[in-house]
Every structure is written in structure tokens, then in C-alpha cells.
Amino acid sequence: MTATRVLVLNSGSSSVKYQLLDMADGTRLAAGLVERIGEETSRLRHEPLAAGGDSRERTGRIADHEAALRAVSDELSADGLGLDSPELAAIGHRVVHGGLKFTEPTVIDDAVLAEIERLVPVAPLHNPANITGIRTARALRPDLPQVAVFDTAFHTTMPESAARYAIDVETADRHRVRRYGFHGTSHAYVSRATAKLLGKAPEDVNVIVLHLGNGASASAVRGGRCVDTSMGLTPLEGLVMGTRSGDADPAVIFHLTRVGGMSIDEIDVLLNKKSGLVGLCGDNDMREIRRRIDAGDEQAALAFDIYIHRLKKYIGAYYAVLGRVDAVVFTAGVGENAAPVREAAVAGLEELGLAVDGELNSVRSDEARLISPEYARVAVAVVPTDEELEIADQTYALVGKENS
Ligand SMILES: Nc1ncnc2c1ncn2[C@@H]1O[C@H](COP(=O)(O)OP(=O)(O)O)[C@@H](O)[C@H]1O
Ligand SMILES: CC(=O)OP(=O)(O)O
Ligand SMILES: [Mg+2]
């Protein structure tokens, strides 16, 4: 029997998303999500797709990422799809920061793990969770290839003019301070899927991808290659996010230190965890923010306006970077679901050939779809991302190559 299954683990700072896929025919066998890890209200939702039946839910504290993965392993075993299965070919891990070294999916050995660990300071919310995921999976199946698929990899095609900060070259190089970009598997998958939606080859289209989840980033993709993206050295730069500030004058940090008396660690927590939408209005869930706006809440309305203003600036910037744009595409939790965000982000950009059709925009669907009116010069689209599928594809391709 040849092993054709891949388990994908997408470990975030407080969550794990997972999918088990059979790469022989592309079927999803099981999928799920563990949320609010470390809190009293942790929740595991498991969809037993192949085994059949309703999705199962478990609530109550799941202390850490290791406990989360062990719980996921138990759920898979209950479906007869446990990690001990000989049909499992590999485990694919999303790893957020790959630095300069990792530009391709990589089979994980001790040296690779050590390098991912060295990058923790530049992805403090993400790489530690990814490392725990790798360690736990290795403990459960030491014989199986584990593959790291890096968020940064897709962005390594950025030209130096976009990747470099305008700071002293020697200092920057010594400390590898440059713009790496993140959410790369999503930007890669979605830009390719957008070309398909337009009935064109990826090489023939220029796309602005807006990945709006809890973390959020924009990218400019020319002919299938990333030429600019909004996140930088860390996933803090760029758009307004759920809890992250995105762009802010770096002097804010000097000011808060010298005048505000805050420590660097306090400012780190402030900008990464207490800013963005949550810092502006107390909520980071776009559904709740829209409910509050509908009820007349001015603080929520201002938070929304700031979020949209930043988004619009990036659409304009990447329009200029690309010169010619074939599509602007929305993806991830907010991008796929929040019609008011899509409408507001594109409003007033008719001169750029951009418009949203109200009726098409209000359709709810899991399918990739156009939401621009027929007359619009530039397509506006909603394309659901599938980081797990992209990671599974890359993992399986690499393991197949190593075995042949
Ligand atoms: N129906 C919806 N309407 C508006 N926003 C939504 C909806 N569903 C999800 N979201 C937003 O999507 C976010 C999560 O997006 P997701 O891509 O899953 O993020 P991440 O992978 O960063 O955890 C939530 O915080 C919420 O703001
Ligand atoms: C890199 C990043 O911001 O990831 P996420 O959106 O999963 O937090
Ligand atoms: Mg995400």
C-alpha cells in the first residue's frame, strides 16, 4: 500500500487548524479547529468528513498547543484515521517565519528546527506555536517526514526596492532587518485561483490580494510572482488587524519609552495584542463591530473607518506598483464574509476602474466569485483561501520528490 495521506497543521498563536487529505484523489478526510488554547473556554470542533456524521465539539480548557495536538490526534483516531495509520505519508506544518534561509518547503530535521527557533524573536506570536506543533507531531510519529511550509517563501521574489527598509545598510544586513512578508501560502493560492477564475494563466495576470483575517496583509502579485507585500520584518507592519496596529511611525516607540515610561516588552504587547481593532474599539471580531455600528456605536464606526482607510491606501499603493491591475481579490475570514468591508474598501475608486455590484457582493458562498459589475475595467473578486490545501500540495510534492 502506498501512503498517500497528508496531515496539515496550521498552528496559530492561540489556535490550531488541521486537515487530513488524501492526495491520491484530493479528498478531505477530516478537518477541524482548536480555538482559545490556554483559556478556560477552549473549544475543539472536528468534522469527520470521511467517517461521516455531524461535527463533534469539545469544550473546556486545553492548556497548550501540545495538549491541543494530542486532542486532535484522539479525534482522528476515533474516526479510524489516527496518526498511527500506515497510509499517512507526511505531516505538513505551516511555519510563519522562514527568514532568509527557507525559500522552499523543507523536510524538518534538528538543524531546520533550530533555525526556526532562532527566528522566534521576529515571529513571537507564531513560531513558538509552530515549533510545539512540530515537536508534538514528531513525538507521535518519529518515523514520518515532517515538512515545514513557510509563510515567507512566496514573498522571496520581492525586488530589493520593496524588501529593503531605508535604514543604514550595514546595520540592516548585520541583523537581517528587511521585509519578509507573511501569509504567503494564502497569497500564492489565492492569486493562482484568481487567475483561474478569470480564465487566464497566472503568468498573464496582475492581482492585488487582500488577506483579511485576524492577521491581515495585502500583496501585489505580477504574473504569479509577489512584488510587494504589506507585512515586514514581523507580521506587525501594514494593515490594521484584529489586535495589531499595522503601520505606525517607529518614533511612537521612542515616545512611549521616553515620555510614556513604558518598557520595550510592554510596547511589544501593546502593538501586537492591544492595538488594531481591539485597541480602537474593544472588539476584534468584524461581525461584532458591524452589529455595534448598526446600533449607532461611534467608537466602532471610527475603528471601521480607520481599518478601511488603511486598506484603501494599500489598494492605491499596489495599483501604482503594478501599473496594470486585472483583479483586486478579498480573502480570509473578514475578506470572504464581510460584504460591508469589501464595499467600503472599493468605494470611490471608479476612476481606477474599480467597482462593486451591491447584489453580487451580498451573495454568501464558499465559491470563488466576481463581485464587480460587468462594465468594470478591473475585476473585484472573493476567493476563499485554503492554506491547508496549499500546504498539503507542497508537502506531498516534496515527499514524493525525496522518495523518487
Ligand atoms: N461572517 C463574518 N462576518 C464578518 N467577519 C467575519 C465573519 N466570519 C469571520 N469573520 C472575521 O474573520 C476573522 C477570522 O479570520 P481567519 O481568516 O479565520 O483568521 P485567522 O486565520 O487569522 O485566525 C474573525 O476575527 C472575524 O473578524
Ligand atoms: C502571519 C500572521 O499574521 O498569521 P495569522 O493571521 O494566522 O495570525
Ligand atoms: Mg489565518
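A Cβ is built for glycine as well, from the same backbone N, Cα and C atoms used for every other residue.
TrEMBL entries are annotated by machine, without manual review.
Quick look at what TrEMBL annotates:
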- ASP151: active site, proton donor/acceptor (ACT_SITE)
- ASN10, GLU387: Mg(2+) binding site (BINDING)
- LYS17, HIS211, LEU212, GLY213, ASN214, GLY215, ASP285, MET286, ARG287, GLY333, VAL334, GLY335, GLU336, ASN337: ATP binding site (BINDING)
- ARG94: substrate binding site (BINDING)
- HIS183: site 'Transition state stabilizer' (SITE)
- ARG244: site 'Transition state stabilizer' (SITE)
Task: C-alpha spacing of ASP285 (ATP binding site) relative to HIS183 (site 'Transition state stabilizer'), in angstrom - done: 19
Task: Cα distance (Å, whole number) from ASN214 (ATP binding site) to ARG244 (site 'Transition state stabilizer') - done: 9
Open item on the list: Counting only residues 6+ away in sequence within the same chain, which have a CB under 8 Å from the CB of the residue listed as 'active site, proton donor/acceptor'?
Closed with: ARG94, VAL95, VAL96, HIS97, GLY98, HIS126, GLY181, PHE182, HIS183, GLY184, THR185
Task: Recorded ATP binding residues, LYS17, HIS211, LEU212, GLY213, ASN214, GLY215, ASP285, MET286, ARG287, GLY333, VAL334, GLY335, GLU336, ASN337 - maximal Cα separation rounded to whole Å - done: 21
- [ ] Consider only the binding-site residues ASN10, LEU212, VAL334: which of them have a Cβ under 6 Å from an atom of ligand 1? Write none if no residue does.
- [x] VAL334
- [ ] Please list residues from the chain of ASN10 (Mg(2+) binding site) whose Cβ is under 8 angstroms from its Cβ, counting only those at least six apart in sequence.
- [x] VAL16, LYS17, TYR18, ARG94, GLU387, GLU388, ILE391
- [ ] Within 10 Å of each Cβ, count the other Cβ atoms and name the one among the recorded positions HIS183, ARG287 with the highest count.
- [x] HIS183
TODO: Check LYS17 (ATP binding site) against DSSP and tell me helix, strand or coil, would you?
DONE: strand
Task: Cβ neighbour count (within 10 Å, all chains shown) around LEU212 (ATP binding site) - done: 27
